[in-house]
Amino acid sequence: MTDDPDGRPDSNAIGGQRRTARVRDRLERRVLAALGLGTLGILLVVFYYPVATVLVESVVVDGVVTLAVFAELLRDPFYFGDLARVFAGEHPLGVARDFLGPDRRIGIVGFTAYQAALSTLVSVALGVPLAYLLARFEFRGRRTLRSLTILPFVLPSIMVAVGFVATFGRNGTLNGVLETLGLPPVELMFTLEAILIAHAFYNAPLVARVTTAAWESVDASAVETARSLGAGPIRAFADVVAPQVYPAVLMGAALTFVFTFGTFPIVLALGGFQLATVEVFIYRLVRDLNYAEAAALAVVELVISLAVLFAYLRYEAKHTVQSGGVRPLPRKSLLPTAHTVREWLPRVGLGVYVVVASLVFVAPIVSMILASVTGGDGALTLDHYRFLIERQETGAAFQVRPWPAIRNSLVFAAASALVALPMGVVIAVVTTREYRGRKLVGTLAMAPFAVSGILVGLGLLRGLVFGVEIAGWRIAVAGSAAIVAAHAVSGYPFVVRTVAPGLES
């Protein structure tokens, strides 16, 4: 910038800078609008249109708009238990009185909510102590342990189910140890307990991650101020730390409930149809070609999940903790510095927790690895791996060979990431800008969190895999494209949740 003879800034230079800034802002807005519209177009095709197809099929039967399927579904005790009597016209007080009795019926929907609530409690019970350990103690390997909390998110559900069978099955590792100790075996497979433990395996680390971040954002100065004013350790925790930590716990619990309410592979593998959830029964209805009832049941599941997700997003918006500029609480040594009850009690509790957590998180993975190198006689062997190599070399055309399966998994994962990553970044930028309707856009963008994979798959099958004709053009998304689309839609919300906090700060 140059100055005029009087030493004042050149007005022409200032005007040029302002014009450049305005052009840059307009260009940025237009590029962002174009990217946003492109992302919206993808979502409309591979998510909202398939979901809308399911919604339409739930109210259109043989070309006639009707709520008969919904009415029949809501009044069916198989789905809604005693609540179906309320939908059938009975007085709610009489139904409530019977529900509180010993012969209550909760139905498929009630059982799904029940197991999701229990799974949430177990996940919180295992996740909060882990967050306490990571946030309040310093020890070798702490950062590695914190990084490992992301591991369950990248493990396929079927692989986890195999690990749980290898650990808690009739001939699993746990019963082998109990037999060695002369104790009776335990029967966990195809029980509700097995489902709860498997759900905790996936979701307790989620609770731990969000709670650890909140705990580390607590300002040590605020705690020191409370202590200087006469508050004891418990009072300081209750007045300063807890109000900043419990919103994160509730957020993790809400997400856990949504995820476990829409659970499918874990329940199907470890519970079977005798412990079927809504998701499993939708799959059964689709398999039996009962699309109308499957669509109606999927809509019921969608409404419940979206309600929980909406409440979660509203709560998160009001209780987001800004961690910038705070001095975090100092971490303590994992080893006690004095032989007092106050020093030893939390560490003994953490020791018990580590034993339980090892059984839940470590044992399934270790048992699966051991089972892969153990023969029927209990001896170590590589025969299982040799079988895979032989299958690859000599397998018939109709048999599944290992390498094509591995290659397909890698290709689908890479392609899904290439689609989900830019979608997530664009949506994160759009939802962190200030404009009217931003919260609504954010809620709609995060809808895949609450929409089950079975519902999206059913919508893709009915809406795009079979093809749809628009203005004389037949549009179909089938084969590999449909698989990538489904995975990208389910994955981009995680990109949004990772990128958005950095943009907001």
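The backbone N, Cα and C atoms fix where each Cβ goes, glycine too.
Curation plays no part in TrEMBL annotations; they are all automatic predictions.
Keep in mind the model is a prediction, meaning the values are calculated, not measured.
Non-local neighbours of the transmembrane segment (31-51) in the same chain are 302, 419, 422-423, 426-427, 429-430, 445, 447-448, 451, 455-456, 458-460, 462-464, 477, 485-486, 488-489; each lies 6+ residues outside the stretch with a CB under 8 Å from one of its CB atoms. Per TrEMBL, transmembrane segment is recorded for 31-51 (among others).
TrEMBL lists 109-312 (among others) with the feature domain 'ABC transmembrane type-1'.
Taken from TrEMBL, the feature transmembrane segment applies to 113-135 (among others).
Per TrEMBL, transmembrane segment is recorded for 147-168 (among others).
For 188-208 (among others), the entry in TrEMBL reads transmembrane segment.
Sequence annotations record features per position, and here TrEMBL assigns transmembrane segment to 245-271 (among others).
Counting only same-chain residues 6+ beyond the ends of the transmembrane segment (291-313), those with a CB under 8 A from a CB of the stretch are 51, 54-55, 57-58, 61, 69-70, 73, 79, 109, 112-113, 251, 254-255, 257-258, 261-262, 278-279, 281-282, 285, 439, 442-443, 446-447, 449-452, 454-455, 458, 462. As annotated by TrEMBL, transmembrane segment applies to 291-313 (among others).
Residues or ranges marked as transmembrane segment by TrEMBL: 350-373 (among others).
Per TrEMBL, the feature domain 'ABC transmembrane type-1' maps to 406-505 (among others).
Same-chain residues lying 6 or more positions outside the transmembrane segment (410-431) and placing a CB less than 8 Å from one of its CB atoms are 32, 35-36, 38-39, 42-43, 438, 441-442, 445, 480, 483-485, 487-489, 491-496, 498-500, 503. Annotation comment: TrEMBL describes 410-431 (among others) as transmembrane segment.
According to TrEMBL, the transmembrane segment annotation covers 443-465 (among others). Long-range contacts of the transmembrane segment (443-465) within the same chain, counting only residues at least 6 positions beyond its ends with a Cβ under 8 Å from a Cβ of the stretch, are 43, 45-47, 49-54, 57, 255, 258, 262, 264, 279, 282-283, 286, 291, 294-295, 298, 301-302, 305-306, 308-310, 313, 427, 430-431, 475-478, 482, 485-486, 489-490, 492-493, 496.
The transmembrane segment feature in TrEMBL is assigned to 471-495 (among others).
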Would you say the transmembrane segment (471-495) and the transmembrane segment (188-208) are in contact under the rule of three or more C-beta pairs closer than 8 Å, pairs 6 or more apart in sequence? no
Answer key: the stretch among 147-168, 245-271, 471-495 with most Cβ pairs under 8 A to the transmembrane segment (113-135) is 245-271
Counting only residues 6+ away from its ends, which parts of the chain sit with a Cβ under 8 Å from the transmembrane segment (245-271)? 112-113, 115-117, 119-120, 123-124, 127-128, 157-158, 160-161, 164-165, 189-192, 194-195, 198-199, 202-203, 206-211, 213-215, 218, 277-280, 283, 301, 304-305, 308-309, 311-312, 315-316, 319, 321, 449-454
